[in-house]
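Take a look at the structure set out below.
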Amino acid sequence: MERSQPRRQVAAMKQSLFDQGLLDEQFIQLEELSDDANPNFVEEIVTLYYRDSSRLISSIEQALKERHPLDFNKLDTLMHQFKGSSSSIGAKKVKAECTLFREYCRTGNAEGCMKSFQQLKKEYASLRKKLEAYFQLARQTGPMDSACRPK
């Protein structure tokens with residue numbers, strides 16, 4: 001009984017990530033892949049995502065700074081990779097911002113790319129902070145019985 005309150009907190013925190021539009025169904029699908037042999041599977045995947053995606057963000061930042069006119073094809077290719085990685089963990093708002101950035105690339109809108117990239121970095125950092133808090137609380141409560149779908 002003493003563990004039910006922390007588990008409710010974990011469930012409520014996860015639900016809030018969905019309610020805020022930060023995560024989508026892909027996150028639940030990842031959770032369903034966790035098992036007794038690898039109970040921290042999702043946290044490990046998200047950790048890898050943030051490690052690898054920080055390299056892509058740096059590459060995009062560099063591409064936005066280095067050339068005028070901008071190389072929209074290069075930017076689009078980098079953002080396509082970033083969008084794919086973000087989709088794989090269910091990062092809904094980050095993925096949406098990637099889509100907007102890519103549309104600006106297709107239309108050659110440098111200012112739109114810059115603004116969209118700034119927003120993307122905010123969404124990315126916000127999600128990271130919230131997922132870190134979620135995983136920390138989840139670790140404190142121990143393994144969950146099973147993944148549950150948000151309402």
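Cβ atoms are placed via backbone N, Cα and C, with glycine included.
The domain 'HPt' feature in TrEMBL is assigned to 38-134. What TrEMBL records for H80 is phosphohistidine.
Applying an 8 A CB threshold to same-chain residues 6+ apart, the list for the residue listed as 'phosphohistidine' reads R102. DSSP places the residues of the domain 'HPt' (38-134) in helix, strand and coil in these numbers: 85 helix, 2 strand, 10 coil.
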